[in-house]
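Feature annotations, courtesy of TrEMBL:
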type     : residues : note
DOMAIN   : 72-130   : domain 'CHORD'
REGION   : 127-152  : region 'Disordered'
COMPBIAS : 131-145  : compositional bias 'Basic and acidic residues'
DOMAIN   : 215-274  : domain 'CHORD'
DOMAIN   : 285-376  : domain 'CS'
COMPBIAS : 376-391  : compositional bias 'Basic and acidic residues'
REGION   : 376-425  : region 'Disordered'
COMPBIAS : 401-412  : compositional bias 'Acidic residues'
COMPBIAS : 416-425  : compositional bias 'Polar residues'
Amino acid sequence: MHATSRCFSNIRTVLAGTRIKYPFILIQSEENHRFRHPSVYLPLTINGKNLALKNTQEKLQEEKKTMTKVVCYNRGCGQSFDPQNNTEDCVHHPGVPFFHDAYKGWTCCNKKSVDFTEFLNIKGCTQGLHSNEKPPEPEKRKEDTVLAEEPAPTEVKIREPIRPSMERPPFETALTSLDPWVAPAFRKQIDEMPLTAVKRKSPTDAAAIEAGTVCKHGGCSCTYEDAKTSDKPCVYHPGVPIFHEGMKFWSCCQRKTSDFTAFMNQAGCETGKHLWVSEEDESKAIKCRLDWHQTATTVVVTVYAKNYHYAKSYVRVNPIRLAICLVFPQQDGNQYNVDMELRGVIDVTQCKVQMFGTKVEITLIKAEPGTWAKLDFPREKKAEQQKEDANKQASTKNADDSDSDVDLDDLEPTMRTATITEIKD
């Protein structure tokens, strides 16, 4: 037994690098104690069965089966299968993977996970046949190719308007008066209203001045008692009061003070006649609310007013101008006036005016289609108004610069009392 074991051990050593499979037995030879080339060995046979041949055939069949199998490319499967014996045991994902906000999942079954390993181990949701064809990849977004050289700038062509805009006539073009339509009820109301002429107050008419009226001149505190009061001299300030950096003074005499009572008691620097009625009281402008809206072809301007005289009031227009004048007989004949430059061009021949008891409605017909951003263009100030504003600013500036003209008599000294404190040793 010991010699046989040693013989097989030597055989394994010799056949270690060959393709001959075990078991084998040594052939009878003259030099039995030496081992020859593997060809001198024969396979071992037990009970008439060649064990080496059987093992070799099984190995070949297994290798053949392994060589004929292919890998399944279905997503989530990855198993090997025999194309000739393909069964519906492939569990896979027919959808595509998605990655969004740290989540990883499949579009087919809405299974997702934040861990990548768990995402790979998600079991398929569909069972079917294996496939050795790779599924089509989703279409990738084509990136815009950036050219190395910038293209030459193309010339931008401005398309000419299909219809040129109408030419605006001058603002001073002759105005056309519109014949208004007056509501019957409103006409009857105005015709029956008493049109008594109101006598305006005059500074020289004693009957028109009420007793107790204070003189309108600045710095004069005289009150009207009778006709003899007007004969008294009026000492007043012809300038305007100015308050600047805590100082109060008149622009005409430049006597500055910080106390308001002293400022009000300053004697006037000019002598003249009393003014019992101011110019502002004589002419008070009437204020009315004006509104407007537009459609594709019209612009409707509405002025809300009551008790105006339809016969004395008028509305005049030209292609770019609108002038409105409403006369109020019960308010000293004062007027409401509007004169504006319209934003667009209108057709004067088709415009109309309607007068009601509470409003005046003016319908303007657009001469060309389009939307008006606003009703009118802001008009510049008149030359006289600009000159007046400039003079007022100049007088204010001169008053601010002349800080040296301060009357020391108006300054009130402040006395400060001193106290003695006993010092104890």
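Yeah, the Cβs are placed from backbone N, Cα and C, and that goes for glycine too.
In TrEMBL, annotation is done automatically, which means it is predicted and not curated.
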Within the domain 'CHORD' (215-274), residues counted as helix, strand or coil by DSSP: 10 helix, 18 strand, 32 coil
DSSP-derived helix, strand and coil totals, residue by residue, for the domain 'CS' (285-376): 6 helix, 49 strand, 37 coil
Averaged pLDDT, computed only over the residues in the domain 'CS' (285-376): 92
Tally of DSSP helical, extended and coil residues in the domain 'CHORD' (72-130): 8 helix, 18 strand, 33 coil
